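Enquirer: Quick one: structure below, then a few questions.
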Amino acid sequence: MGITDLPELQAPLFVLFLIIYMISVVGNLGLIFLTKIDAQLHTPMYFFLRHLSFTDFGYSTAVGPKMLVNLVAERPTISYSWCATQLTFFSVFISSEVFILSAMACDRYVAICEPLLYTVIMSQALCHVLVAIPYLYGVFLSLLTVIKIFVSSFCGHKVIRHFYCDSLPLISLLCSDTHEIRLIILIFSTFNLVSSLLIVLVSYILILATILRMNSAEGRYKAFSTCGSHLTVIVVFYGTLFFMNVQPKSSHSFDTDKMASVFYTLVIPMLNPMIYSFRNKEVKNALHRTWKMCAHILFKTIL
């Protein structure tokens, strides 16, 4: 059904979402590139940030380009195979992001509460494990959901009440019994939200307790500033998820859900690199060094 059925809104929305998506692509790929080539950003914090940008880029790209095409198409459609592919990649990346944010909270806890042991605890091996587990879990959950949906039979009415292939709008099109797949989605969605948020809350409660015990005001400010960007991302991301999942059924509407979905599929992936770039001096300095290096290489090439 797309974003809107009003023809006069399709062109403005296409331009708006194209700009948002392009900013998101440039921002996330830029952060991935920056944290990879700049030696001063080769720390656990920026390792996790690189993977956060990768998941942001992944799920926004799973949805964004096809949504943009359908905004200008005479009749918005999606093929059966691409629908399954879109749902698979979207589920993998969105599930992974939730637990990568949790891993980032654990990293901040170790950095502030155990600073002398930080390099020992947050070893390269542990960092790789903390991102491998979310990806493997995301693949497992995605394949479980997609296979359950697409081995079932669809009825003749194949209009998806959304602007991309999400699991719940697809389930409503199934002819067979959907109780099992709905229960699986409910259990795993609840587990993802509660467990990841619990890790974040426990980490920040311990961080806050440590900060309040600090005697130096400068030390407290520095500790808070290292968590500022991550906290902002957490509030935006989980705030959107709670808005979508915790609001009472009486206030639910198709248009409200679509706007919330637009926010977390396109707007949040655009905001995350901005938050980390504007609030982080190390990223700004790395960007400045990279610009100087690129300008130097270009100047030497021209000469």
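In case you wondered, yes, glycine gets a Cβ from its N, Cα and C as well.
Remember, TrEMBL labels are computer predictions, not curated facts.
Features from TrEMBL:
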- 12-34: transmembrane segment (TRANSMEM)
- 27-276: domain 'G-protein coupled receptors family 1 profile' (DOMAIN)
- 84-104: transmembrane segment (TRANSMEM)
- 116-137: transmembrane segment (TRANSMEM)
- 183-211: transmembrane segment (TRANSMEM)
- 223-244: transmembrane segment (TRANSMEM)
- 259-278: transmembrane segment (TRANSMEM)
Enquirer: Are there residues at least six beyond either end of the transmembrane segment (183-211) with Cβ under 8 Å to its Cβ atoms? List them, or say none.
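Expert: Result: 95, 98-99, 101-102, 105-106, 108-109, 112-113, 141, 144-145, 148, 167-168, 171, 220, 223-224, 227, 231, 234, 238, 241, 245.
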Enquirer: Across the whole of the domain 'G-protein coupled receptors family 1 profile' (27-276), what does the mean pLDDT come to? Round it, please.
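Expert: The predicted confidence over the domain 'G-protein coupled receptors family 1 profile' (27-276), as a mean pLDDT, is 87.
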